[in-house]
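What Swiss-Prot says about this one:
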CARBOHYD  Asn3  N-linked glycosylation site
CARBOHYD  Asn326  N-linked glycosylation site
MOD_RES   Ser19  phosphoserine
MOD_RES   Ser26  phosphoserine
TRANSMEM  38-58  transmembrane segment
TRANSMEM  70-90  transmembrane segment
TRANSMEM  108-128  transmembrane segment
TRANSMEM  134-154  transmembrane segment
TRANSMEM  161-181  transmembrane segment
TRANSMEM  187-207  transmembrane segment
TRANSMEM  223-243  transmembrane segment
TRANSMEM  260-280  transmembrane segment
TRANSMEM  305-325  transmembrane segment
TRANSMEM  384-404  transmembrane segment
TRANSMEM  417-437  transmembrane segment
TRANSMEM  442-462  transmembrane segment
Amino acid sequence: MVNSTKYEVAAQHEADDGSALGDGASPVAEQVKLKKEISLLNGVCLIVGNMIGSGIFVSPKGVLMYSASFGLSLVIWAVGGIFSVFGALCYAELGTTIKKSGASYAYILEAFGGFLAFIRLWTSLLIIEPTSQAVIAITFANYMVQPLFPSCGAPYAAGRLLAAACICLLTFINCAYVKWGTLVQDIFTYAKVLALIAVIIAGIVRLGQGATANFENSFEGSSFAMGDIALALYSALFSYSGWDTLNYVTEEIRNPERNLPLSIGISMPIVTIIYLLTNVAYYSVLDIKEILASDAVAVTFADQIFGVFNWIIPVAVAFSCFGGLNASIVAASRLLFVGSREGHLPDAICMVHVERFTPVPSLLFNGVLSLVYLCVEDIFQLINYYSFSYWFFVGLSIVGQLYLRWKDPDRPRPLKLSLFFPIIFCLCTIFLVAVPLYSDTINSLIGIGIALSGLPFYFFIIRVPEHKRPLFLRRIVASITRYLQILCMSVAAEMDLEDGELSKQDPKSK
């Protein structure tokens, strides 16, 4: 693992331990680091592209199922958007104050130290990132393959192979050049937004033609039971997840003090308005029974409205998944990169290609994890395990924001919010942590167990000083690192001291 001089290539290991990063390190390698190639437009597309996934096309019925009326469901969609704006604004302050990539991992590390940060990283490594990427890839594959089998279900193997090819292709694109990855993100974000605009325009035309029956007495039959409202809001917030995407790549943003909060400020209203108007469009054509009975609401909508052009929506869903998967790969690879740099993962993962300046090892590691999870037949079941963990660590990040306000009040903060925003958000995340514990207790407890399974690794590996680890183990790790350097043409990266902050102490000591 990385020691206290982890940002200097030649000092990571002693040569007599068989290190791959010993005396032979080139002086030039010390200058290799991730470049600032993400513009304001790229940032907006990353956030919008990750937030707008397949959910708004396929299953927006979760909110309607629990709210039981069109009127209340639209209110809950709006509340979910406002809540997400609060969270995104808090992350904008954190991202401009702690200018490290890694999002909540970096913020928890700064506020509370290495232990909680490692558990956050462990949960992402084991469940959150590979599971979500595998599910997105499978959804993409299903929408691409199913039209070839109109009268029966698509073969299982065909879907999984196409999903694997999708993960491999996007991993290669992001390994090649950062610009290629951002270009893919921009193009597919435009495509999915245009598809939703087409749905919205069709809905507006229908309303203009007098199709307003579903909006008369729109609150009739509403379920105001706290349990139902809680589950409806939870469904809406799941669709809004992804607003923290840009915080995973803070160190690669041009002028982050300006572009990070501005990207968030532009993206959040766009997504909220699109979600609201898309649901209005659905409600103008489909009644409650049709929506709840549909496996893919947008496809059912297109069958009734677009006629021979109804193929547009399945293609749009596939495009949406492709763009969302690309954003997820970018974010997850940076999380692994930062985790390695902070000493919580093997050194090899925080290396950067010497010519292309891309984090090739972390991208490959992330890709391999996702491919492994594709082999899990009931992969969708794994999603149920991480709802509790996800919101717990998001809330803990905002608690860290409040703690740093108290602990370090004089710290430079380019963006400083009123305490109203983080306090309200913290109170709401308590609710979001409690909901799955109440409604899905078994799966939530399994998720907690998965997070706690990282304890032995932390106390028996991470916290053990490197010189006390078995020599054979150090040599094995050094050999793997050496071969990865050769294979990936990569060297350990320096942190950008101009925009980042060196750890004041080793996270392993906390």
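Just so it is clear, glycine is given a Cβ too, placed from its N, Cα and C backbone atoms.
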Contact set, same chain, for the transmembrane segment (134-154): CB under 8 Å, 6 or more residues outside the stretch:
53-54, 58, 160-164, 166-167, 311, 314-315, 317-318, 321-322, 324-325, 328, 370, 373-374, 376, 379-380, 383
With a cut-off of 8 Å between Cβ atoms, can you find at least three pairs linking the transmembrane segment (187-207) to the transmembrane segment (384-404)? Only pairs 6 or more residues apart in sequence count.
no
Do any residues of this chain, six or more beyond the ends of the transmembrane segment (38-58), have a C-beta under 8 angstroms from a C-beta of it, and if so which?
136, 139, 143, 178, 182, 185-186, 188-190, 192-193, 195-196, 238-243, 245-246, 249, 252-254, 258-260, 262-264, 266-268, 270-271, 274-275, 278, 295-299, 313, 316-317, 320-321, 323-324, 326-328, 330-331
Between the transmembrane segment (108-128) and the transmembrane segment (223-243), do 3 or more CB pairs sit under 8 angstroms, pairs being 6 or more residues apart?
no
Take a look at 70-90, 108-128, 260-280, 305-325, 384-404 and tell me which one has the most Cβ pairs under 8 Å to the transmembrane segment (161-181).
305-325
What residues in the same chain, six or more past the boundaries of the transmembrane segment (305-325), come closer than 8 Å to it by Cβ-Cβ distance?
49-50, 52-54, 57-58, 133, 136-137, 139-140, 143-144, 146-147, 166-167, 170, 184-185, 187-189, 191-192, 195-196, 198-199, 202, 206, 242, 285, 296, 298-299
I'm a bit unsure how to read this: which one of 70-90, 260-280, 384-404 has the highest number of Cβ pairs shorter than 8 Å with the transmembrane segment (108-128)?
384-404
Any residues 6+ beyond the ends of the transmembrane segment (260-280) with a Cβ under 8 Å from its own?
40, 43-44, 46-48, 51-52, 56, 60, 73-74, 77-78, 81-82, 84-85, 88-89, 91-93, 95-96, 193, 196-197, 199-200, 203, 207, 239-240, 243, 246-247, 250, 253, 415
Sort out the residues at least 6 away from either end of the transmembrane segment (384-404), same chain, that have Cβ-Cβ distances under 8 Å to it, and list them.
87, 90-91, 93-94, 97, 103-104, 107-108, 110-112, 116, 120, 123, 127-128, 131, 234, 238, 241, 244, 411, 419, 422-423, 425-426, 429-430, 432-433, 436-437, 440, 443-444, 446-448, 450-451
Any idea what DSSP makes of Asn326 (N-linked glycosylation site), helix, strand or coil?
helix
